[in-house]
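**Q** Below you will find the structure I want to go over with you.
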């Protein structure tokens, strides 16, 4: 393997004739000084994990041996060892800071649609009324410093005219925000749209998408995420925050050659960055680490686990220091429950899981059908018009209902919170009978008031509206995360089934707990997350007591959803976009062999190969020009077809290009040698080119009778880019990752041509 890696470190040396071989000039061998772009990959190609791992092992061995030579080299080796932790620190600081800025900006711009603070226009509604001495308990949201637009413009706060004007301006602000968001994405950073998680999963599996984690994408995603969420569209900022954190990780990777020059090491950093993103999105550092491990990462060694934990910790600490919500919490909807749950409640919890699984299946199928229609019809040509139309419909229907008018985080916060004496929500409008002997704040035995019934039908309408509109919103050309559909329960403590386990005067059912379990079930049904989802929800509540209800709902939702299809929303979008993602959770049980999948197939032209000592520079350049393969097998001769090794297309191109520039005598008729010792040539022959050092002498091979089940497993676990098929050492064909994916699609009666990339 060390030999295999050294071959990849292409370099060029100037030709200095030191020895004559029967009149021939000296042979050029590439390993003296590296030149740019060696061993890198082209856009939309897959990396070779074994090659990257081997290169890093060689680099580490070289640093270790040099560290014994001098004190300076020892210091350099220590700096190299600590560079990973420095990168994690920087990622945590920047992602936490950006999350805090996004939260503050969203809070202000969401309120800007309804009114403005006269004392300081940059204050949100809540911040504006914090300092007011004229607020009352009943009208805590009203203060003279905050005025709605109608009151500011006409002087009238109430009445039909004021309502219509506020309604109109609400829609106008929403359209302006969404138009700015989609325009910025379209003009400056097309990769800033969507949630980003499907692409990040694909990138972490070894795929190259240049620019997806670039500086422009980071800047535009951050700005447009604020605009998109503030517009009132049915989307969240959780998924896009993972993309933002990964952009931060990619940015800091460029500062250290250890990560910038090794795509495998870069992906270890990106895995940790994804954990930091979830940490600041949900205020759940441990859940973030588990999310990265369970959901997005392809290769997750133990040291990446530790570094992910550190990055998530720093990110959460940074966000807590900013304190964007003023409640010393990382998220707006953090809650604490102290009421125990009862065994009989497992039945409704499991029913919530069933509902979540069914909802997840419905959402995935409807959303993918709509996104496919967008890709295959004229609709996809007008992304700006689509965003404007959906925003207009959303704002028009959302304003009349107070539960859809407010932001997603505020809605979830109200549904999660338990009723208490200080709550002003309609959901806590219980009849207060002055003749009751119990204190006023003893809610459980009080009958529901009109506000509760009013809130119930408004929430029902809100649920239906959110279910429908989210299907059309997710996947548009703006940053969009998944909204967590939440549900609420209602006090029925006087039912006969509750008589035995409800103590008089005590909370029998905690509605906020049902909302939280319902949210977990729905999110689990859509994404198929289990362990990380339960831990995230547990960190949101701060209590171990509700682990069992959450586990029951999450597992049930996954079982129900898996009964209709194994792919979650992110995997479905990966399939829709044709990314070459080989999911480790997919099972391959078909009884096919490597010979059934390898190329060339019957009636195909023969495999493009190079010979070890009879191919000219012109032959190589013609082969590169006429084909688009990523590499070529090298054989002893075309007659024997005995395999010698494998050479990458990009390395071959760069080697010849640099040889022509830096050494006289290399012409089109020069013979390319991949052998250890070149034969003696007549003086009249053109100078040969020795390229053995760029040859991979240990390419991965399988025999033609290897079961495809084994081949698929090898590609998954070793992250191969391609493997060669031989019989008794004789080359028969090649299997690429794309061939494996196409074969798997064919076996599942899907279109094999849907796998579009290399």
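First residue shown is number 1, and so on along the chain.
Using N, Cα and C of the backbone, Cβ positions are placed for all residues, glycine too.
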**Q** Of 32-56, 57-81, 82-106, which span is tagged transmembrane segment by TrEMBL?
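**A** The listed stretch tagged transmembrane segment in TrEMBL is 82-106.
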**Q** Choose the correct range: of 125-145, 146-166, 209-229, which one does TrEMBL annotate as transmembrane segment? Give that range.
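**A** When 125-145, 146-166, 209-229 are checked in TrEMBL, transmembrane segment belongs to 209-229.
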**Q** Using TrEMBL as the reference, determine which range in 346-370, 371-395, 396-420 is annotated transmembrane segment.
**A** 346-370
**Q** From 455-478, 479-502, 503-526, which range did TrEMBL mark with transmembrane segment?
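**A** Result: 455-478 is the stretch TrEMBL calls transmembrane segment.
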**Q** Take the C-beta pairs under 8 A between the transmembrane segment (269-293) and each of 167-189, 241-257, 346-370, 455-478. Which stretch has the highest count?
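**A** Comparing 167-189, 241-257, 346-370, 455-478 against the transmembrane segment (269-293), the winner is 241-257.
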**Q** Counting only pairs 6 or more apart in sequence, are there at least 3 Cβ pairs under 8 Å between the transmembrane segment (241-257) and the transmembrane segment (209-229)?
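**A** Yes, these stretches are in contact.
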**Q** Does the transmembrane segment (346-370) come close to the transmembrane segment (167-189), meaning at least 3 CB pairs under 8 Å for residues 6 or more apart?
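**A** The answer is no, given that the two segments have fewer than 3 Cβ pairs within the 8 Å cut-off.
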**Q** Averaging the per-residue pLDDT over the domain 'CBS' (598-662), what integer do you get?
**A** 89
